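Okay, structure first, notes after.
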Amino acid sequence: MFAEDLDRILSGKYPGKSHALRVVELLREKVPNAKGYLYLEGRMSKLLEDSDEFEPFRQRRHFYYLTGCDLSNCYLLYDIDSSKSTLFIPPIDPEEVVWSGLPLSPQQGLEKYDVDEVKFSTELDNILSHLSGSQESTVYTIADQVCPHIKFGLDNVDSSILKGVIDRCRVVKDKYEVAMIRKANNISSLGHEAITKQASKASNEMQLEATFLGHCVAHGAKKMAYPPIVAAGRSGAILHYEANDQPLGGKQNLLVDAGAEWNNYASDITRTFPLSGTFTKESRQIYDIVYKMQMECIAIIKAGVRWEDVHMLAHEIAVEGLLQLGIFQGAKADILKAQTSLAFFPHGLGHYLGLDTHDVGGNPNFDDENKYLRYLRTRGTLPAGSVVTVEPGIYFCEHIIRPYLQDERHKDLINSDVLDKYWDVGGIRLTQGSIEDNVLVTPTGVDNLTTTIKHPDQLEGMIRGLEGV
């Protein structure tokens, strides 16, 4: 997608009303002829403990999905029968104006958000207490997300259905949502490339984290989708490493797992590269396996594919690669049956991406008896319009692998003498596009939203500052 097309899409309003119509459509699959109202509350402002400073604000995602409103202390009332959407915003507090300036007015809110009416929240209680409708009319809301003072004029209030319905809706993204994720990816990709170019000049992980954050903020993305992971050497085998404070000297590889948000929509990108500008023999061998895992998995993704099948393809390729290196020994079928590859690839292949990094609607089963599938955050067939991460990995984490070397089911399938050559590789993790990429599922394949390079030769060239990379 060209930049002008992206900007054109994002110049319009966030499509909250079309999302609401979709929610009602799915709601009526569960409750035929559902009548009444949808009621959602945004995140309320809250002080930090023992402080007069406010907590960092993060809007409730389901509220944002139906409004596009990123203000605190707001409410939404949606009339199912008339499809009328009313947003309630905070009133003007004269004492607060001197500190924070004038807040949004109802007219400004109507111009900014895809709603039919904007009122001050001082009118909310009266309107809710006088809601009317037929005997079947119900207020649909989300459990534990209704302020205690709220009283509805209708007797029927259901807080058990709406959240699950919105979860389902959020799986399939519209053009506006895809544009938001693409924008977040474009900015994050610039940050990743900046780290790669700066790596040879840095002495500590924190300097490279600062490089990423600086590039994202400079391009308008002030919020991160999750705390960045900038892990040198063996720290790369820690899946959610966050210290980012260790020296780079004497380390082979750097793993960077970092993604910015664009207006609450996440990116999730991972890249691994040699700090010296050249992979060691062992690192390149592992990188090539993971690169193959990712590329072959991406090649089979399209609407209707079972995510479990894609995940297992990654494990099969990992086993084949580690057998060729001599780290695994024995028959491929025996290794897969024993699930020994979990020692090196212990997490799921990827997850849905959207308003949350680990987005909703994946229906995971963390109690699955099949350990290969237990940590998959997404299960079942992928629909067109969903966005998933593709992040196979091979890790050399002693805490995980050592018990396998003592286990009767696994120890004869791993050659510990060969394994000893690879401990310093740490972790090589790829997702969709350039180690971990984010892909849009289409009827015939994928659209990779992640643009930063991932081919090992290109990575080495960028680190060394070669022309044309």
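Each residue, glycine too, has its Cβ placed from N, Cα and C.
Since this is a predicted model, take the numbers as computed values, not measurements.
Sequence annotations record features per position, and here Swiss-Prot assigns Mn(2+) 2 binding site to D257, D268, E436 based on similarity to another entry. Look at Swiss-Prot and you will find D268, E391, E436 tagged as Mn(2+) 1 binding site.
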Integer Å distance between the CA atoms belonging to E391 (Mn(2+) 1 binding site) and D257 (Mn(2+) 2 binding site): 11
Inter-residue C-alpha distance, E391 (Mn(2+) 1 binding site) and D268 (Mn(2+) 2 binding site) (nearest angstrom): 10
Site of maximum Cβ density within 10 Å, from binding-site residues D268, E391: D268
Binding-site residues listed as D257, E436, least Cβ neighbours within 10 Å: D257
